[in-house]
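Asks: Got these off Swiss-Prot a minute ago, pasting:
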type	residues	note
ACT_SITE	His67	active site, charge relay system
ACT_SITE	Asp112	active site, charge relay system
ACT_SITE	Ser206	active site, charge relay system
DISULFID	Cys31-Cys165	disulfide bond
DISULFID	Cys52-Cys68	disulfide bond
DISULFID	Cys102-Cys258	disulfide bond
DISULFID	Cys144-Cys212	disulfide bond
DISULFID	Cys176-Cys191	disulfide bond
DISULFID	Cys202-Cys227	disulfide bond
DOMAIN	25-251	domain 'Peptidase S1'
CARBOHYD	Asn105	N-linked glycosylation site
CARBOHYD	Asn156	N-linked glycosylation site
CARBOHYD	Asn172	N-linked glycosylation site
CARBOHYD	Asn253	N-linked glycosylation site
SIGNAL	1-18	signal peptide
Amino acid sequence: MMLIRVLANLLILQLSYAQKSSELVIGGDECNINEHRFLVALYDVWSGDFLCGGTLINKEYVLTAAHCETRNMYIYLGMHNKMYQFDDEQRRYPKKKYFFRCSNNFTRWDKDIMLIRLNRPVRNSEHIAPLSLPSSPPSVGSVCRVMGWGTITSPNETLPDVPRCANINLLNYTVCRGVFPRLPARSRTLCAGVLQGGIDTCKRDSGGPLICNGKLQGVVFWGPKPCAQPRKPALYTKVFDHLDWIQSIIAGNTTVTCPP
């Protein structure tokens, strides 16, 4: 009888622990160390606070969200665990920040993108390498990858030491319009998520990548609060629709022509 009681108590404890553990994650798992060499972290210089994610697209440029802008920031590359430093981690500062100023046929939903030129080139290493830009737009129905050091609880904020990765589905833009009627009829954004809920990007994942077929297709932009609600996907700035702007700046064109 005593043995049965002990085993029953152990089972209760185990089930309780499993339930609490599952409540600590907005979907996803710790990223594999080798799968996010392009993922960068943006920090505030004065407070040291972690702000946002971003993506290294070549040795001199990082792509992130415009709303991540702060006057004094630095960019950390090659990081996995905030508590343990790799030998090849590197820190850079913005040399110049570029924002999408175009107004013709563009709404505020189309402009949450920022290109940062670093103060000096990054050295590729075991934990640092750029992610390729797309040559074509992503297809609805694609399974895409998101990642970041954003909060793992919502609405209360709990920041992890390691980045979390998850797979989400690329949805038709009309799905997001059906949920959020204030969205414009046409937009240079992507709609993505898991309609069953439980998996989502969240606060401080902003600026991080949406990766489809190994290419940077989106930048984490906006989502409903709390995060990971059923039938409430999130919005991602569509990188392909801003490709000419990005490539013109990298090529040194200071008078970038806005797309039609």
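Backbone N, Cα and C define each Cβ position, glycine as well.
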Asks: Taking Cα atoms as reference points, rank the recorded positions Asn105, Cys176, Cys212 by distance from Cys202 (disulfide bond) and give the first.
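Replies: Comparing Cα positions, the candidate nearest Cys202 (disulfide bond) turns out to be Cys176.
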Asks: Please report the Cα separation of Cys52 (disulfide bond) and Cys227 (disulfide bond) in Å, rounded to an integer.
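Replies: Here the two Cα atoms lie 16 Å apart.
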Asks: If I take the alpha carbons of Cys176 (disulfide bond) and Asp112 (active site, charge relay system), what is the distance between them in whole Å?
Replies: 17
Asks: How many Å separate the Cα atoms of Ser206 (active site, charge relay system) and Cys227 (disulfide bond)?
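Replies: Approximately 13 Å lies between the Cα of Ser206 (active site, charge relay system) and that of Cys227 (disulfide bond).
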Asks: Taking the Cβ of Cys258 (disulfide bond) as the reference point, list residues of the same chain whose Cβ is under 8 angstroms away and which are at least six residues distant in sequence.
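Replies: Sequence-distant Cβ neighbours: Arg101, Cys102, Ser103, Asn104, Phe106, Trp245.
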Asks: Three states by DSSP: which one describes His67 (active site, charge relay system)?
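Replies: Assignment for His67 (active site, charge relay system) reads helix.
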Asks: If you skip the near sequence neighbours and keep only those at least six away, which residues in the chain come within under 8 angstroms of Cys227 (disulfide bond), Cβ to Cβ?
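Replies: In sequence order, Ile26, Thr151, Ser154, Asp200, Thr201, Cys202, Lys203, Ala234 meet the Cβ cut-off.
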